[in-house]
Amino acid sequence: MASLTVPAPPCLKRPLHVPHRHMFGPGPSNTPDRILQAGAKPVIGHMHPETFEIMNDIKSGIQYMFQTQNKVTFAVSGTGHTAMECAIFNAVEPGESVLSTVNGIWGERAADVFERIGATVNTIVAPPGGFFSLDEIEQALSKYRPALLFVTHGESSTGVLHPLDGLGPLCHKYDCLLLVDSVAAMGGAPLHMDKQGKIDILYTGSQKVLNVPPGSAPISFSERACQKIFNRKTKPVSFFLDLSWLANYWGCDDKPARVYHHTGPVTAFYSLREGLAMLAEEGLENSWKRHESVAEYFHAELESMGLKPFVKEKKARLPTVTTIVAPHGYDWKEITTYIMKTHNLEISGGLGPSVGLVLRVGLMGCNSTKANVDLVLTALKDALKHCHKSKV
Ligand code: PMP
């Protein structure tokens, strides 16, 4: 037999090292031990009855978190992007008109995904830090007559919480499905999938307010969305994300048995179940209130030290991810690097259209406490004292 041409890499002889760190960027957030321990339980089969029971618990947890009775509610195996693609690949057919509201990077990303499947993409664009009024959205709906509208609830690149009230009825008036990305806001800001109108497709991620490692993404589809999806003329472009297969694997259809589709990441399911259990124990409304009051405290303290929140309108500030106007005269990268090095704490700069304009601080789930705000403020004060400030 031929000898190996690639030797065992010496780096793998060293033990795995992962530092402890304050994860106060826009995600992932810190993971409590209870969730990590859940994920360390033994691997069992993805088709074993015990796994199905865990998946059923997850479905109920997501229905609670989303405030929905939708039967087709489950967790996609993958991150927030996978859920975004699952929603778009299934709900839109090539050639259909869609509308993406762009007030940061996530509307841009959705437009990119729409384009990849051959949809006719229309956008309306607001400057970073802004959002859309119902009137602006109605004008675009009546102009483009899209089959689906994409809105980002929590724009993590700009720190905007987009108002959702009234959007559902508006979309339905124009016979359009409403797709909402709540990856960065879910669990930390009020949202009622059924009562708000209703939202047709909603997804989030695991690694933000839920404090679960990245890798599973809750998603839910209304009856209206399912009607359209299950009567498509063409197959969705992805087999892995095909809703008819996924709905069956998660026991959301009326078929007598679940059929193998893919090997579900069972340990990711354990952690997700634990994160949902912790949210249910605290209570959704308590979690919303806690994020709101911690964010208010944070914003007031920032202003008292002379820093400005980037989003002017108070009610449009995302309680999970705060954007701060990049301090004048400083290099934002030097600030974030200094804080990581000196305080072992992650905060980040802007993303997409907010690059260079902001610093971003995420305090999500268990990280959303006044004590953590104080840690961030101390680190920021220290950085402003020690980082280079230009005179111009
Ligand atoms: N949407 C929003 C609003 C997000 O903040 C993120 C993650 N930063 C995503 C989608 C994508 O999620 P992921 O990185 O888990 O794929």
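Including glycine, each Cβ sits where the backbone N, Cα and C put it.
Listed features, source TrEMBL:
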type	residues	note
BINDING	Arg360	substrate binding site
DOMAIN	44-375	domain 'Aminotransferase class V'
MOD_RES	Lys208	N6-(pyridoxal phosphate)lysine
Item to check | Lys208, Arg360 as recorded positions, winner by CB count within 10 A | outcome: Lys208
Next on the checklist: Measuring Cα to Cα, how many Å separate Arg360 (substrate binding site) from Lys208 (N6-(pyridoxal phosphate)lysine)?
Outcome noted: 14
Item to check | Reported mean pLDDT - the domain 'Aminotransferase class V' (44-375) | outcome: 97
Checklist entry - For Lys208 (N6-(pyridoxal phosphate)lysine), what is the secondary structure by DSSP, using just helix, strand and coil? => result coil
